[in-house]
Every structure is written in structure tokens, then in C-alpha cells.
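A.B. asks: Let me give you the structure first, and then I'll get to my questions.
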Amino acid sequence: MASKPDDDGFLAPYVSRSDAQRPLSIVSSRMTDIASEDGDGPEVQNNRLSIPQSTDMGSRPDTARTGASSSRGPWQSQSLRNKTYLAGVQAKRGSVESSTAGSTSQPPSLSSRSHVPSLQSHAFFRPMSSQKLQAQRGGSHRPSTMSQMSAAASPSSPTSPTSPTSPRSDEHGESSSSQMRQSIISNPIAQLQRQMSNEENMRPPPSRGTEMTEQETLDRITANTSPSHGHYPAGSLTDSVRPLQGMSSDTGHFQHSIIVDKSYKDLSNLPSPIKTPRSFRSSFLMPGRSNDGQLSQNRSTEGAEKLSSAASSPQFRPVDSHNEQQHPRVPYKPSQKSDLGRVHQYFDGNTVFCLGGRWQNTRGRPINIATGIFVVVPCALFFGFEAPWLWNNVSPAIPIVFAYLAYICFSSFIHASVTDPGILPRNLHQFPPVDDDDDPLQLSPPTTDWALIKSAESTTAAMEVPVKHCRTCNIWRPPRAHHCRLCDNCIETHDHHCVWLNNCVGKRNYRYFFTFVTSATVLAAYLIATSLTQILLYRNRQGISFGQAVDHFRVPFALVFLGFITFLYPAALMGYHIFLMARGETTREYMNSHKFAKKERFRAFSQASVFKNFIVVLCRPRQPTYYQFKAHYHEGDQRLGIRRDKRPRSSSQGLEMHDVNPGSSGFQGPVSLRNDTPH
């Protein structure tokens with residue numbers, strides 16, 4: 001049946017009348033679910049009822065647009081479609097029940113099963129989600145397919161109400177077959193299952209509104225080498241689609257239903273995954289055994305952090321309500337591991353810790369103890385021999401000020417000596433290990449690079465500073481960071497290693513170091529002033545000579561010389577670091593700059609202002625440590641090494657104290673012959 005083309009319809013496709021089986025159309029399975037909502041007149045409905053129903057699957061009926069255009073003009077159909085579209089938009093703004101009711105009001109027609117439906121359908125403007133589509137299918141009567149219409153028109157069962165292909169109605173007037181898809185032939189997967197299985201109880205084809213419409217999912221379904229009616233895609237359905245694949249207890253057929261009960265615990269419909277040719281083995285990426293029977297690793301795990309994981313998921317089994325009562329579930333309690341110690345016990349640097357990792361110092365000669373003695377002894381002599389006389393004869397403010405300066409000096413000394421100067425974490429940028437088969441003449445990876453630093457000076461916009469890779473710490477050091485050979489650590493913004501503190505001076509303790517040097521200088525000058533004041537006041541009040549006054553106050557006179565000695569070195573350090581801070585440089589940067597000519601010396605980190613340089617150094621926030629030495633150790637931390645008490649101890653004796661095995665005797669030429677020759 002053909003229709004002439006007009007402005008409002010499409011040409012009817014050419015229909016082959018041969019008996020040869022045509023290939024399946026996947027497009028039809030996607031497009032036939034969209035019901036046409038054009039307003040059809042009475043004459044169009046009569047034309048639909050008068051269409052002969054043929055059982056030939058190779059033929060294809062005319063589309064609704066072609067049939068409608070042959071019976072009515074373009075202007076009439078255009079006005080009817082506009083009215084229908086306005087009515088459809090109002091119905092779309094309602095709930096799902098409104099759309100369901102609208103779909104059940106029209107009888108089954110060929111327009112709802114055409115390959116080219118109405119272009120003004122609701123589905124093109126407001127497509128449904130997979131959940132709403134499943135709900136609509138479960139509650140509405142789906143239109144019959146061509147196979148059902150052919151079976152209904154066949155003379156074998158013209159009046160059979162219980163035909164296998166005819167829908168069965170319950171007492172509420174709803175079709176029970178709407179929960180199962182009737183269009184088996186429109187889906188190629190279902191047809192394949194129908195051809196390979198003769199049973200009627202077969203799983204319904206996957207929904208068109210779910211992820212099964214994707215091509216890659218279709219490939220996963222057909223990947224099994226031995227498909228059967230019980231085959232299902234292993235692990236390809238999402239959790240929102242799995243509850244839809246259920247079996248009805250009344251009919252014994254698979255049906256689509258939405259289970260919204262939160263207490264759903266029946267796992268009988270969730271079988272275990274089936275192994276396919278594309279499945280990975282259970283020991284994938286796990287260390288296996290080599291030919292000699294020893295464990296071998298397919299990748300290096302050195303420096304890797306071991307993450308905790310839960311046990312493997314067991315296979316799903318049917319859960320019975322009686323079994324749940326007999327065997328109640330026990331809440332899972334993670335196993336508590338024994339205390340592995342603190343972080344500082346696994347640290348690889350040349351650092352000694354005390355007070356649980358709160359204090360740290362370089363493992364070497366404790367010269368800082370002598371520095372502390374030089375601070376404590378003069379202060380103790382002052383409070384023992386000068387403070388009482390000054391408190392009673394001059395003013396109590398003098399001993400109080402001295403006590404405050406002594407507190408600042410000693411406190412800053414402790415902080416600068418036992419504080420983390422800014423130790424950078426280790427083993428963050430490890431180079432790949434060198435194999436024995438590698439070419440020894442091959443160039444190694446570069447260990448130097450350049451970093452671009454924005455300059456605050458108006459003459460230059462940016463400057464490049466060198467950065468290096470530390471082979472000892474296995475990290476790329478940031479700008480201004482250096483490795484200290486005494487501490488055996490990379491220090492951030494490293495200034496120098498102070499032997500008087502027995503610790504490095506870096507970004508985290510530079511402020512304490514400068515405070516200690518400055519307060520020690522001021523304290524030494526204050527000690528000299530108070531000692532001389534006490535001697536001179538006693539001489540004037542007693543009317544005696546200076547020698548007699550010194551003979552009366554011998555300790556204050558000794559403190560004058562001690563204060564002068566302790567004043568020189570701290571004063572020099574204080575002036576030097578004031579000069580460095582004003583320039584925006586560190587001690588290491590200033591020393592290295594003298595390797596170049598004056599024209600090539602640049603200060604990349606200067607703020608172009610003396611005041612700003614002081615603010616940046618002295619008023620910057622003190623960042624936390626990278627290691628947290630007081631924290632508990634977690635197994636697999638790549639920054640740390642072996643625990644100190646479990647490390648192999650190196651012998652303190654030299655090589656000459658051990659027995660040296662003689663080398664293998666071989667041909668040594670004339671020397672051996674000359675030694676054996678008798679003289």
C-alpha cells in the first residue's frame with residue numbers, strides 16, 4: 001500500500017513481498033516505544049481498522065504519517081497536530097499517572113509501532129528516565145506488536161481468550177502481560193535467546209531505557225561462548241536495574257517490578273558472577289611463583305605504602321529468614337594492631353631525639369651544652385652576687401629587667417637548638433633503579449633544573465634559580481633548600497649549620513636563632529653595665545678608691561670581663577644577620593654569590609625594601625613540621641626506614657682488626673717467580 005507524498009508526511013518505505021527473512025532492525029526497537037500523540041480523526045481510525053494484518057515478518061506496514069497524509073490534507077493535519085501538542089504539553093506537566101492514563105485511552109494502532117513516529121512527540125522534548133519508563137510500563141497497557149496482531153487474526157485461535165501471545169487481564173482490568181515485554185522480535189538479543197531455547201520460561205529481554213542500549217554493553221552480553229536462556233550479563237547491570245529482574249511467585253514468569261522496600265534482603269535473584277573469556281584471573285597483578293618455586297614480584301614495591309583493605313566480598317547466597325534468627329549478624333570489629341612505635345624511631349637522618357620526639361638535635365658532639373652553660377653561669381652569678389644589692393640600694397627594676405632578658409635568651413636558645421629546622425621528607429622522588437643489563441655508558445637522568453621566581457624588583461620581572469635532586473634524600477629540593485652533611489637532612493630555606501646550637505638554622509627556627517643572638521648580645525651588655533654600676537656606686541658612697549671597691553665586689557668585677565667576652569661573638573652574629581635580612585639573603589646564598597662577579601650577583605628573593613625583608617623573615621607564620629615525629633608510626637610510610645633498635649650495628653673496629661682472607665692465587669707474572677727464587 002502506497003501513498004502519494006505531500007508536505008506533511010513522509011514517503012512510505014518500499015516493502016518487499018518476498019518470503020526471505022529480513023535482518024532485524026535495532027532502530028525499530030528504539031523508535032517503536034514512542035507512542036504517537038497526533039490527533040487522529042474518525043476516518044483515520046477507520047482506515048487503521050481496515051488495514052489487513054499480515055503474518056509475514058518480512059513486510060513492513062505504512063507509517064502513521066503516511067496513512068494520515070493519504071486521507072487528509074496538510075492544513076487539516078497541521079492544525080490537529082498543534083492542538084494535540086498543546087494538550088500533550090499540559091499532560092506532561094502532570095504526574096506519571098497522567099501520562100499513563102493518556103497512553104491507555106487510545107487503542108493499539110500502527111502509528112505507535114512505526115519506524116518514523118511523530119516528530120512532535122513528548123519524548124523528544126522531555127525524555128523519560130529509566131526509572132519512570134519502567135514505572136510507566138508496569139502500570140499501563142503496552143500496544144500490541146505485529147506478531148500479536150498476526151496471531152490474533154490467525155484462524156487457528158480466533159476466539160481463544162488464553163492464547164500464549166494474548167494478554168491476560170486480572171480482576172482490576174489491568175493487563176498482566178504489560179509487566180513482561182511482548183515485543184520479543186524487536187530485540188535482537190531476545191530473538192537470539194528464543195532461537196537457542198525452546199522453553200517458555202525465559203528471562204525477559206533487557207529494558208530499552210537502561211544501560212543495555214549501549215553498544216559496549218551489548219558486546220559484553222554476547223561475549224559468552226555458550227549462551228543459554230539462563231545467561232545474564234555478569235556485572236553489567238547497575239543496582240537500580242537488578243531489582244527489576246525478579247520472578248513472580250504466582251505465574252512463575254520473570255517480570256519487571258520496582259522494589260522500593262529499604263529492608264530488601266532477598267539475595268536469591270542476585271547470582272554470583274559468571275566467568276567469561278574476558279574476565280581477569282583472581283591473582284591478577286599479584287606476585288606469582290617463578291620456575292624455581294620462589295615468590296616473584298612483577299613490580300617493585302619498595303617505598304610503597306601498604307593500604308588497609310577489607311575482606312573480599314563473598315558470593316551471594318539465598319538468605320532465609322529462619323537462618324537470620326538462628327545466626328544473628330555480629331558487627332565487624334577491626335583488628336587492633338600493636339603499637340609499632342613513634343615516627344622518630346624510624347627516621348633515617350643523623351638526628352637524636354628525646355622526650356618522645358619533642359626535642360631533637362644532631363647526633364654528634366653536644367657543643368650546645370657548653371653554649372647553654374655560657375648562658376646560665378653568668379646569669380646565676382648575677383642573681384647571687386649583684387641582684388640583692390641592686391634590689392635594696394638602687395631599684396628592683398634592674399634585677400627584674402635582667403631576669404626578663406635572661407628568660408628570653410635561654411628560651412630562644414632552647415627553641416633554636418631542639419626545634420625541627422624544616423627537615424624535608426625523604427624518598428618522594430626516587431629515580432628508577434639501574435639494572436645490570438643497562439648500558440653503563442648511558443646517561444643518567446638529570447639531577448639539576450631551574451625554577452622561575454617572580455621578582456619584586458622593578459628592573460627584572462622574574463629570575464631563574466637552580467634546584468637540585470638530592471641523591472641522599474631522594475627528593476627534588478625546593479628553591480633555597482640544601483642538604484646538611486652534618487645533620488644528613490635536606491633543610492628548607494637552609495641558612496647554615498650552627499655548631500653552638502648543634503642544629504641547623506632553617507625556615508622553622510631562624511627566628512629563634514636571631515632572637516637568641518640578639519638577646520644574648522643585649523644581655524651581655526646589660527651585665528657589663530650593671531656590674532660597673534654596682535662597683536662605681538659603692539666607691540662613691542663609701543668614699544674609697546676604685547681598687548678598694550673592686551676588692552669588695554670581686555664577682556661583679558669578674559662578670560665585667562665575662563660579659564665583655566660573651567658580648568663580642570653574639571654582637572658580630574647579630575650585625576651580620578641584620579645585614580643579610582636587609583638584603584633578603586641567607587648565609588649560604590651570600591657565600592655562594594661571591595663566586596660570581598658583582599655584575600652577575602642577583603637577589604631573587606629580595607622584596608625590594610629593607611622593611612619588607614625584615615617582615616618576611618621575622619613575621620612569617622611558623623609552618624608545621626613535615627614529619628610529626630611525635631605521631632604514631634604507620635606501616636608502609638615511604639619517608640621512613642627501619643627502626644633504629646632493629647638496624648644492623650656497624651662495627652666500631654677498623655678493618656685492620658679483622659682477619660683478611662688472602663686472595664685467590666693465580667698467575668702473577670715475574671713478581672711471583674722473583675719472590676720464589678732463592679737469594
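Cβ atoms here come from the backbone N, Cα and C positions, even for glycine.
The structure displayed is predicted, hence computed values, not measured ones.
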A.B. asks: Quick check on Ile615 and Trp391: does Swiss-Prot annotate them with the same topological domain, i.e. the same side of the membrane?
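C.D. replies: That fails: Swiss-Prot puts them on different sides.
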A.B. asks: Does the structure show the transmembrane segment (555-575) and the transmembrane segment (394-414) touching, where I'm treating 3 or more Cβ pairs under 8 angstroms (sequence separation 6 or more) as a contact?
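C.D. replies: Judged by the Cβ rule, the two regions do not touch, with the required three close pairs absent.
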A.B. asks: From the DSSP assignment alone, can you count helix, strand and coil residues within the topological domain 'Cytoplasmic' (415-511)?
C.D. replies: 6 helix, 31 strand, 60 coil
A.B. asks: List the residues of the same chain that sit at least 6 positions away from Cys498 (active site, S-palmitoyl cysteine intermediate) in sequence and have their Cβ under 8 Å from its Cβ, in sequence order, or write 'none'.
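C.D. replies: Within the chain, Cys498 (active site, S-palmitoyl cysteine intermediate) has Cβ neighbours under 8 Å at Ala416, Cys504, Val505, Phe513.
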A.B. asks: Which sequence-distant residues neighbour the transmembrane segment (369-389)? Criterion: at least 6 residues beyond either end, Cβ under 8 Å.
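C.D. replies: Contacts with the transmembrane segment (369-389): 399, 402-403, 406, 409-410, 413, 417, 500-501, 520, 523-524, 527, 530-531, 534, 553, 555-556, 558-559, 562-563, 566.
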A.B. asks: Which bits of the chain, at least 6 residues beyond where the topological domain 'Lumenal' (533-554) starts or stops, bring a Cβ under 8 A of a Cβ in it?
C.D. replies: 385-386, 389-390, 393-394
A.B. asks: Which sequence positions outside the topological domain 'Lumenal' (390-393), separated from its termini by at least 6 residues, show Cβ-Cβ distances below 8 Å to it?
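C.D. replies: Distant Cβ neighbours of the topological domain 'Lumenal' (390-393) are 399, 530, 533-534, 537.
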